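J.: Provided herewith is a single structure, encoded as structure tokens, for subsequent inquiry.
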Amino acid sequence: MKPILLQGHERSITQIKYNREGDLLFSVAKDTVTNVWYSVNGERLGTYNGHTGAVWCVDCDWDTKNVLTGSADNSCRLWDCETGKQLALLNTNSAVRTCGFDFSGNIIMFSTDKQMGYQCFLNFFDLRDPQQIDDNNPYLSIPCSEHKITSAVWGPLGEFVIAGHENGEINQFSAKSGDILKKAKEHTRQINDIQSSVELTMVITASKDNTSKLFDSNSLDHIKTFRTERPVNSAAISPTMDHVVMGGGQEAMEVTTTSTRIGKFEARFFHATYEEEFGRVKGHFGPINCVAFHPDGKSYSSGGEDGYVRIHYFDPQYFDFELEA
């Protein structure tokens, strides 16, 4: 089947996110725009306007009421998903790199960049307390002075946040005390992306060291490694099959020096158990910056440096596919 091409951004895509039911797909890019699309046919539902810098991250809560975005304009914003109205504006001292709702949708976390003399902070706000929002005063702010956070997700039950750092380290930060609960250092270079499995028992990392790794969410035990020959920008775990999809390519600045054929801008599918690659999907004109599986496992999306989001529906053969061990 031909992929559905979403054209709503003028610059490279930074993150895409499905809501829990999977009927909506949110996309953010370096062009200040946050778009929301119907995932079934690629029709654009609307835009969240307000940011004045590149938008780095987006998240949607459990019942698709609110949307959270973080941007290089030094702000994190909360939106009403249905009307597009801005509900809250949290100003920061530096760019907001990652953001997310916890399982209940009541608590948000976001991390800021280490830049312009400010260090990286991981901030927690409770949306049930309007005072925190009005005063722009998080109930917990964790300084990460050594290595900035490049990607982060909530752990199961919202007890901690799993954060990946620019030195390849993964830390579990308690959402109550701010303590580091567990550490893992399996990557040698920056972690570009962390995504959870559907039941939140595992997380998958994507790193500049050309690998993607699977970890246990609670213990941070390293389970599997998927190797490629170029940096991995994003990786996602299928909700229904033992598969992972990875997107990457070279650094954006090196792209102009190679032809698209050599650039290897495919989405790559690996078997989660055997660590074997079994398929590739072409399409983007530049590195893939983010990938996401649809919650029903029947399709996946990728967002690229070329500014396009592509929704690919799997052929029936995909579901009958068995890797020969």
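Here the Cβ of each residue, glycine as well, is placed from N, Cα and C on the backbone.
Sharing the features that TrEMBL gives for it:
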{"type": "REPEAT", "residues": "6-47", "note": "repeat 'WD'"}
{"type": "REPEAT", "residues": "48-89", "note": "repeat 'WD'"}
{"type": "REPEAT", "residues": "281-311", "note": "repeat 'WD'"}
J.: Quick test of the contact rule: Cβ under 8 Å, at least six residues beyond the ends. What residues does that give for the repeat 'WD' (6-47)?
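T.: For the repeat 'WD' (6-47), the sequence-distant neighbours (Cβ-Cβ under 8 Å, at least 6 residues beyond its ends) are 53-60, 62-64, 67, 69, 71, 73, 79, 81, 84, 252, 286, 289-296, 299, 301-311.
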J.: Over the repeat 'WD' (281-311), what does the predicted model average in pLDDT?
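T.: That stretch averages a pLDDT of 93.
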J.: So what's near the repeat 'WD' (281-311) in sequence-distant terms, Cβ-Cβ under 8 Å and 6+ beyond its ends?
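T.: 3-18, 20-22, 25, 27, 29, 31, 37, 39, 42, 193, 195, 198, 233-241, 245-252, 255, 260, 263, 265-267, 269.
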J.: Pull the DSSP breakdown for the repeat 'WD' (6-47) and write it out as helix, strand, coil residue counts.
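T.: Grouping H, G, I as helix and E, B as strand yields 0 helix, 22 strand, 20 coil.
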J.: Using DSSP, how many residues in the repeat 'WD' (48-89) fall into helix, strand and coil?
T.: 0 helix, 23 strand, 19 coil
J.: Count the residues of the repeat 'WD' (281-311) that DSSP assigns to helix (H, G, I), to strand (E, B) and to coil, and report the three numbers in that order.
T.: 0 helix, 16 strand, 15 coil
